[in-house]
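Asks: The structure that follows is given in the form of C-alpha cells.
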C-alpha cells in the first residue's frame, strides 16, 4: 500500500475507528441492531440531499437552495393535506415544486450565466419566503393520511423504509454517474465545460437537467422528513444544507482526483451521522460535539491534502 | 540590407543595450548562434523570424530568464551578467508579454504598482504619490486613459497602455514587446503604435517582436531578421519593407510537396456570403469530399471563426451554408456533430481535453452512444469502449501506457493524437481541424499531417485552420489566406508558395503609423 | 405672505394624512417562525389595526446581528414605538438604548425587564417552568430519572430551565440522566434523533421515567422516538400549549402535559399599555404577567385506560 493509497483510505479508516471507539465506549447502546436502525433512519434525509449536492458538484456547480426546497415541498404537501387534497395529487405537486425550483436554478445558470452560488442562494431565499408564507409560520400536522406516514415509518422485511429510500436514491445516482452516458457527460462538464461544449455535448440541457434532479431529490428528502416526524415547520429543511456539503467534501477525500462520488458522499454522511449519534449516546457536551465534528471534517481533508503533496 | 549583426542605427546615440556573441545550446539544438545586437535610447528595433528561429531564446537571455552559454550583455556600456529576471529588471529591462496578467478589479494606478513597494507616508500607502507618478507618464503617452477605472472595464488596447505605463513607472528604459497587437483589432493597433511612438520619443529603447511584419516596417527604425538561431539580415532604410523581411526570413527547410490526386467530387460544404458577429466580411468557401482546404492566416485573422460558424459555436448572421447540398444552420456543436461533422479544437488544454480523466474517456466522449451495452439503454459498455479506443489509438499511432491513464501524463504530441482519435471510428462528411499540430514536436507534426492526409484519402472533406505556413503549404490542396477577418487570396497547390502566402497574410490590415 | 401661506398649506397637506393613519409601530423579532411568537405577533397585529396603528413586522430568522441592525433602521426612520418579541433587550442593549434616548418607547413581549424598556409583558417563564416541572415530578411519583431537552439561548426558555434546576435541587430522589441541547431550526428532527440515542444509552424498564421539554416541539420529537422504540412508562411534558402537543395529550400518548402561556393575552396587554403610552400615560408596572394555564388529560376531559 503506497502512502497515497493510505491517505485515500484514511477517511474510511477514520470512520471505522469512530465506530470502534463508540462501540467500546457504549457497547450495549451504540453497537446494537436497534441503534443501526436508528442511524440509517436519522441520516436518510441528509443522505438524499447530499446526493443532490453530489450531482450538482459533479458539474462543477453549487446548489445552496436544497434545504429550502426540502422545506417548501413538505409545506406544500401538508397544506394540501390540511385542505383535504388526496395524497395522489398532493405528493406529485409537492415533488413537482422541487423539480420546478431546480429547473429555474438550472436555467439561471445555463442560459443566463448567473454563477450558481448566487442563483441558488437567491432562489433559495425566495423559496424559503414562499414556504414561510404558505405555511403561515405555523407547524402543520393536521389530516396527514396514514399512507403518507408509511413512506418513512414503514419497513419491508425488517429493513426500515428510510434505509430503502436511501439505498434506492444513492444506488440509482451512483449508477447514473458512473455507468451511463448522462453521468459521463456530467463528469465532462465538471472537468472542462468549454471542452465539453466543443465536443458537441448538450451542456446547457444537461446542466438544467442536473439542477432539476437536485431540486426533485431535495423535495423527496423534505417529504420523507415530514413523513418521519408527522409534522412540518417551514424551516425544517434548512439544517440539512451545511452537513450535506460537509459530507460531500469528506467524500471527495476518497476519490483519486478529488471529484465528488456517490460512494464517498455516503461515507461522509455516515461519518456525520455516527458522530452525532455516538456522541449523544455517550453524553458528550453539546459544545464539544460541535468542535469535534468540525475538527474531524478538517482532519479528513487535511490528511488528504498532505497525502497528495507527498 | 546587410547580412551582418548591426551596430547602432543611423540616428542613435550610445547603445543602451548591447548584445555581443550570445550563444545558447539546448542539448543537440543550437538555439542561439553568436547573436549580436545593439539598441540605442529612443530607438525602436524590430525582431522578425519564423517560430523556432531563436527569437524567444534571445528575449529570454535579455530578460534574465535564460543564462547564455557564451557572449556578453552590456547595459549603458557596462558589462553585466543576468543570473535571474530580477537582475534584468534592476537594469531597467521590461519584457511585456501579450497577455501579461493585470488585476481586473484594480485601476491603472494600482496595477502600475503591482508587485513593487508602494510609496508610503506616515506608514500608510501614499495613494496621491502613486497617482502622480502614473499620471505623469500617462499624460506623456496616453492622455485619454482613465486612471481610476478598474482595468476590467478598459478595452484590450487600453489594457496594453496600462502594461506600458506599468513598465515605465518603475524606471524601465529598455522595453521588449512580444506580439503586443496580436489581440487587437487593426484600428486599435494603430492607436497602440501612436502611444508606443511617444514612449520611444521619451528616450526608451524598444525591441518589438511581431508576426505582423507591416508593423515592424511601419513603426521600427530597422528590423533584425533571425533564422535558425542566427541573425540573417538587418533591413533598414529603403530595404525596410515587408517584402524584404519575408524574403530574408526564408522558407525554412525545403518542402516535400506531397502530390495527391483529387477525386472529382461535388462540394460537401459551401458557404455563400456567410457572416457572423466575428466575421463582418461575407465569406465564400467550398470544400469537396476528399479535399484538404487550408485556411491560413495570423491569429485573429478570421480563419478559426469560419470553423466556429461551421461547428455551430457561432450562428450565421447573414448568407447561407449548405452541407451535402442541403441548407445547414447548426445552433450548437451537437447539431453539427449529428450532421456528420467532426472537429478538433485548437488549444487542446483549454478547449479540448479532460486532463483528469482517462484516455478512453477522452476518446469515446463525443460519440459515446455508439458503444452501448444494449442498443436501447444509454449505458456504455466498458469492453466496447476499450476496443474502440484501442482501434482509434492504433489508427492515430498513439503511444500510451494503459487505457486508464490520465491525459495529463501524455506528451503534447500524443495528447493531440488523442484528440484526433475521437473521430477515428467514424466516416465524417467533413473534418474541421483548428491548429492541428500546434505545440508538438517535429516527429509528431509529421505523423499528425499523415493522419490528416489519410482522413482526406478516406473521402472525408477536411478543413484545416492554421497559422503555420509550412503546414499550409504541405497539407493544402487549396490554401485560402485570411487577413483582418476576410479572405485575402486563394491558391491551389501549384500556385501556393511561401512568399505569396506571407504577402497575402500581411496584405490587409492597413497599418498607418502616426508621423513621428 | 401669500407664498408663506401656500407653504404652510402644503406642509399641513402632507403632514395631516400621516397623523390620520395613526401611529407607526415597528414590531421586530428573531423568532417569527416559532409558533408561539407568531401567535403573539398575530394577536398584536389584530389590536394594532383596531387602534388604527400602522404596524411594520420584521423577522430576522434567528439572526441577532440583523435584529440589532433593523432596530437601528426603524429608530432612524422615526417610528412612534418599537415592539420587540421573544428577545431579551440586553442582547441588543446599545440599539434599544438609542431608541429610548430618541424618545421612542420600546415595549418587549416575552422578553425581559430592562432600564431602556418602557414595559415587558411576559408570562414569567420561571413560573411556567415551575408549574410544568411540579406537574411532571408529581406524575412520576416524586422519584426517578429524567431527560432534559433544552435551548438556553432563548431568554424565556432559560428561565424555565432555572426553574427545573431549582426543583431538582429540592428533590434529590429525581436525577437527570440525560440532556440534549436542541438545534433550531430542525428542532423536532434533532430532538427525535437525540432521544433515539438517549433511549438506547439508557435501556431497560424504568431507566427513564420522564422527558422534560423546554418547549413543546422537542417534546413532540421525543414522543416520536419513544413511540418508535415501543418503550412504556415514560412521560413527557412541555411548555407553550402548541396545538400538536395538545392533540398528543388528547390521544393518550406519553405526552401528558403542557403549560399555555396565554400568548395572545400577552400581546393584548402590551397593546393596551402601548395605547396608554400614546395617550401620555405610563404603564401600570415595568413588568406585567399573563396568566398561566396547565393543560393535561384531566383538563381536556380525556380518560386513558
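Every residue, even glycine, has its Cβ placed from backbone N, Cα and C.
Note that TrEMBL annotation is computational and uncurated.
Owing to the predicted nature of the structure, the values given are computational and were not obtained by experimental measurement.
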Asks: Out of A:207-226, A:227-246, let me know the one TrEMBL marks transmembrane segment.
Replies: A:207-226
Asks: With a Cβ cut-off under 8 Å, give me the same-chain residues at least six positions beyond the ends of the transmembrane segment (A:66-85) that come close to it.
Replies: 45, 49, 52-53, 91, 93-95, 97-98, 101-102, 124-125, 127-128, 130-131, 134-135, 140-145, 148, 214-215, 217-223, 225-226, 231-241, 244
Asks: Cβ under 8 Å, sequence separation of at least 6 from the ends of the transmembrane segment (A:156-177): give me the contacting residues as numbers and ranges.
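Replies: For the transmembrane segment (A:156-177), the sequence-distant neighbours (Cβ-Cβ under 8 Å, at least 6 residues beyond its ends) are 37, 40-41, 43-44, 47-48, 51, 54-55, 58, 150, 183, 186-187, 217, 220, 224, 228, 261-263, 265-266.
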Asks: Short question: which residues 6 or more past the ends of the transmembrane segment (A:41-59) have a Cβ under 8 Å from it?
Replies: 66-67, 70, 116, 152, 160, 162-163, 165-166, 169-170, 173, 177, 183, 186-187, 189-190, 193, 206-207, 210-211, 213-215, 217-218, 220-222, 224-225, 228, 237, 240-241, 243-245, 247-248, 251, 259-262, 265-266, 268-270, 272-273, 276-277
